[in-house]
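Taken verbatim from Swiss-Prot:
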type	residues	note
REPEAT	15-38	repeat 'LRR 1'
REPEAT	97-124	repeat 'LRR 1'
REPEAT	179-203	repeat 'LRR 2'
REPEAT	204-230	repeat 'LRR 3'
REPEAT	231-265	repeat 'LRR 4'
REPEAT	266-291	repeat 'LRR 5'
REPEAT	292-323	repeat 'LRR 6'
REPEAT	324-342	repeat 'LRR 7'
REPEAT	348-375	repeat 'LRR 8'
REPEAT	376-400	repeat 'LRR 9'
């Protein structure tokens, strides 16, 4: 018998059962586990909601990856699913067969369904796949563990998405038996009141990534600080102030103290991104000294680092193992760069990505950091475009970066000699200068992906942003 034959038999058996929903419901307790995923898909596709409700109560696997089936919110089906869960939660003794620990609403486990539909060989069971997701998050103890609903939160508008609103309301009255878990929470523009309501619903220990793009007002800083202190497993924090808010001198110290103290509780923080956050100018050391564990990523962009801020960076153990450093679009023109050199020396063995884009670094400033830069032997990405550098300065820079054999992406400004009086590139001047710079570099190594001048992808026009996890299309090379 071919591999597809038993799959076809399972499919036919499921379809036959669903023709009589009452029969399907009555036999679920005796239904072989192998039939559950296929029958669930058939019931979902056919919108046999009563069957879905009962199947949830008898689900024989630790995880129900509903999100990979439900590509768009379907409130009717969600109502039946949670009704089934409610029936179970209301029972003092859980059914023998019930193993459900996680309702997965993210689109992360499509393999669970495709394996049992016959789309690919059965290399591992759904139970094994489900356990990979749930063992770490849902350790079994002697007492009943709360059911966990996993979903990501992305808040772009004034109103909340239908599925998030639905689960928030459902979990609100079941806090002891159901946890709404969101590994990633992103707020682009939602007002503070609605954002607060969401944070109060989400189980704080589940949040590993928090991005806030509208950190514009003191009240938002205060609210975020209060909830941030509860996110004990936070790995990545991104905060951005689109308004460029600058507090009064009297309130600045209070904001800094309140926000910095939160970091004492974030033991697992690895990535810190601060974009246009100006209320830390001159007070950065207060935040850095509160970091409990070594960071892998530090991004301080579109801000105005002053000299005191830069001075503190080399001296704290929490910055001694950086893999990514981004100081782009900051004002370094009038600041001594000896502290930056000291920091680069300190992280030379670990640093992989360095962004110094549009920092106002001229030839004299560049010479200060070159010896330390040439020691960063594991550097794979170096972005330096947007700075005011002469041809001689770039030659010197390439002689130092030429020693970095692991570089796979490097961007440099057009030499000052190729610009007109408005700072625009004159291509007729840039071309021969670029050829000379490439010759100098090739004397040491063959570059992989390298750009000179205003950086944009020749294929799609994209350019690296101030964020380190940019998607940069590099299917072609400049001529």
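Cβ atoms here come from the backbone N, Cα and C positions, even for glycine.
The model shown is predicted, which means the values in this text are computed figures rather than measured ones.
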Same-chain residues at least 6 beyond the ends of the repeat 'LRR 5' (266-291) with CB under 8 Å of its CB atoms are 215, 221, 228, 231-242, 244-247, 252-253, 255-257, 259-260, 297-306, 308-309, 312-313, 316, 318-319, 324, 326, 466-468
Outside the repeat 'LRR 6' (292-323), at least 6 residues beyond either end, the same-chain residues with a Cβ under 8 Å of its Cβ set are 236, 263-278, 280-285, 329-332, 335-337, 339-340, 342-343, 345-347, 350-353, 355, 466-468
Between the repeat 'LRR 3' (204-230) and the repeat 'LRR 7' (324-342), do 3 or more CB pairs sit under 8 angstroms, pairs being 6 or more residues apart?
no
Surrounding residues of the repeat 'LRR 2' (179-203) on its own chain - C-beta under 8 Å, 6+ positions past either end
137, 146-160, 164, 167-168, 171-172, 209-214, 217, 219-220, 223, 227
Summarise the model's confidence over the repeat 'LRR 8' (348-375) as a mean pLDDT value.
96
